[in-house]
Amino acid sequence: MGINTSSAQSSGAASIARSSVNVKSGNRHLSSNKKSATSALEERASRPSILVTFLVLAGTILSLYIWPILSPDLFFANQRCSFKYKNKGSQRVVVEGKNGVVATEEETCSQIGVGILKAGGNAVDAAIASGICIGAVNSFSSGIGGGGFMLIRHPNGTAHSLNFRETAPAGASKNMFHGNSTLSQVGGLSVAVPGEIAGYERAWKMYGSLPWHKLFEPTIRLMRDGMPMPKELASRIRRPEFSYFKTHPDWSKIFAPEGVFLHVGEKFYRPALASTLEEIAKFGPEVFYTGKIAERLVKFVQQQGGILTMEDMANFSVVVEEPIYGNFYDREVITCGSPCSGEALILGLNVLSKVDLSEGTSILGCEMTDIGVHHLIETMKWMSAGRTVLADPTFYNNTDHVEQLLSLEYADEIRNNISNERTFDFTHYKAEYDFPNDHGTTHLSVIDKDNMAVGLTASINLMFGSQLLEPETGIILNDHMDDFASPGIVNAFGLSPSPYNFIAPGKRPQSSAVPTILVYNGEVEMVLGGSGGSRIVTAVLDTIIKKYKWGKSLLESVESPRFHHQLMPNIVYIDETVEIEVLRALEKFGHIVDLIPVQYPFSEIQAVFRTNGTLYGLSDSRKQAVAAAY
């Protein structure tokens, strides 16, 4: 993975072709007259109204005079000035407390976590209870039919990473899909062995303080008594690909009991799932992995063409290991290693730690400059290239690759290959292989009164996973077999899939998850992580850089326009709320930009932060999320 430095060092004399900047809406290019992102925003900006002007002035007054009074610690802590961007009008709620904070992607589930803390539970108890709730409510993201990762830091300073990522069944093989991506995404063959319940029990046995059954009771009641339909869930079930939910007997009884989808605020019920959770609460994970729940799941998956067996379920195990560590701005950074993507995050932080991101012309206020944003994007491209050699270390001895990604010398080498004047095509970044895009996911962050911290990232992969809902148990099964690479498929850039991530029995696919904890002067300062599949790593990097390098509040670090680049395709993705100066600046460097509409958010962050003895929580409004604290 050596780097050729000549192309970057000689770029000053190069003639740079200015790439056009395109705007897409979802998967569709906007105008047929090839209007650039810059011209589109210019046209939009040229039609101001008196109402808009009034609202902007009112918002400015509110932010400058009212918000600091309401929350002075959060507004001024480590903040030098304020970003310029268009308020997208969504709910932006920062919570604060002294005893505990829980940030999830659904307000009810955040409140359940705080309820557990109030009942004497700790951060691990709260994370498990909130995670169970998210899987039942936002069932398009996660659930007990999936898996994930949990990062825990004890108040005494010890930390553990729990890997309960799903595993490939014993009957799986690298050629099992024969190049048919549909088989890996929908139906029985797409289902990997679920790990979430095993992971929760292992964390609870290590650190939990409340009885096991207490962690399930709030969600059991919620699913029996009915949960008002949240905005995000109502939006997801109405996507065209799920229109059949209205007529399918297993799905319609939950989301369309009268033949039409429930509206926001109308109650939905999941009694079958409530009964399943009751059994797990009473009898423990054994009933899920070796008892009647396992029998039902195995029978159902096999009826749908899958290869899951009782032996696969019984043999699932959780991997408990040391996290990986880095340093950034005098903070200790803790995250999880492969098959997480923590190595890529540490690489990005190492690269940017020695870069003056205030160099250049200010484009978003403060010290956020054109050259600074360009360096952030270029670093993301190098991170993505580094991810192509990561995989389940149980099956692939990638110690040399991991050590290289974590080394400061490699970060120096990359820094020398980032030009202040231009971007490059994908060959410059030395990616060795293609990698599949993972999807979906949920993340939650918790800090309790004793400063125990937990970051939990869980997933069933694509929305509603394999789209298999086992009717007797109410469990929605994952499609994480799609996160493996399959041989014989060369991507549009001529790269073959990574052999390190090929399917093998018992193997766990590579993931983009990066639950992360930052420690300052021996105490947890921040816990964060994200959802959004392959865009998680860059979203976490983006948030940390804004908070520490650009001195932003927690609020603006999470809510301001987010940047993403995964090398392939060679496109910068940005929230459409970005100001026009940013597009002009990126066009100057040769970047191609895809503006992401507000209604199609591509990554979401849940973060909690401690400063001056006060805890703050913020759940990303891109997913209609709200945190809770007390």
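We number each residue from 1, going along the chain as drawn.
Just so it is clear, glycine is given a Cβ too, placed from its N, Cα and C backbone atoms.
A quick note: this is a predicted structure, and the numbers were derived from the prediction, not measured.
Annotated in Swiss-Prot:
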{"type": "TOPO_DOM", "residues": "1-49", "note": "topological domain 'Cytoplasmic'"}
{"type": "TRANSMEM", "residues": "50-70", "note": "transmembrane segment"}
{"type": "TOPO_DOM", "residues": "71-630", "note": "topological domain 'Lumenal'"}
{"type": "CARBOHYD", "residues": "Asn156", "note": "N-linked glycosylation site"}
{"type": "BINDING", "residues": "Arg165, Ser459, Asn461, Asp483, Ser511, Ser512, Gly532, Gly533", "note": "L-glutamate binding site"}
{"type": "CARBOHYD", "residues": "Asn180", "note": "N-linked glycosylation site"}
{"type": "CARBOHYD", "residues": "Asn315", "note": "N-linked glycosylation site"}
{"type": "CARBOHYD", "residues": "Asn397", "note": "N-linked glycosylation site"}
{"type": "CARBOHYD", "residues": "Asn417", "note": "N-linked glycosylation site"}
{"type": "ACT_SITE", "residues": "Thr441", "note": "active site, nucleophile"}
{"type": "CARBOHYD", "residues": "Asn612", "note": "N-linked glycosylation site"}
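Calculated from their C-alpha atoms, the gap between Thr441 (active site, nucleophile) and Asn397 (N-linked glycosylation site) amounts to 27 Å. The candidate set comprises the glycosylation sites Asn156, Asn397, Asn417, Asn612. Of these, Asn417 has the most other Cβ atoms within 10 Å. Taking the C-alpha positions, the distance from Asp483 (L-glutamate binding site) to Asn612 (N-linked glycosylation site) comes to 42 Å. Sorting the recorded positions Thr441, Ser459 by the number of other Cβ atoms within 10 Å puts Ser459 first. Between the CA atoms of Asn315 (N-linked glycosylation site) and Gly532 (L-glutamate binding site) there is a gap of 29 Å. Of the listed recorded positions, namely Asn180, Ser512, the sparsest Cβ surroundings within 10 Å are found at Asn180. In the three-state DSSP scheme, Ser459 (L-glutamate binding site) is classed as strand. Put simply, Asn612 (N-linked glycosylation site) is 35 Å from Ser511 (L-glutamate binding site) when counted between their Cα atoms. Spacing of Asn156 (N-linked glycosylation site) relative to Gly533 (L-glutamate binding site) is 32 Å (Cα to Cα, whole number). A separation of roughly 32 Å, to the nearest angstrom, links the Cα atoms of Asn612 (N-linked glycosylation site) and Ser512 (L-glutamate binding site). Closest to Asn461 (L-glutamate binding site) in space, going by CA atoms and restricting to the glycosylation sites Asn180, Asn397, Asn417, is Asn180. Ranked by CA distance from Asn397 (N-linked glycosylation site), the binding-site residues Arg165, Ser459, Gly532 have Arg165 at the top as the closest. Model confidence over the topological domain 'Cytoplasmic' (1-49) is summarised by a mean pLDDT of 41.
Cβ neighbour count for Asp483 (L-glutamate binding site): 28 (other Cβ atoms within 10 Å of its Cβ, all protein chains included). Sequence-distant contacts of Arg165 (L-glutamate binding site), defined by Cβ-Cβ distance under 8 angstroms and a gap of at least six in the same chain, are Gly147, Gly148, Phe149, Gly195, Pro339, His480, Arg508, Pro509, Ser511.
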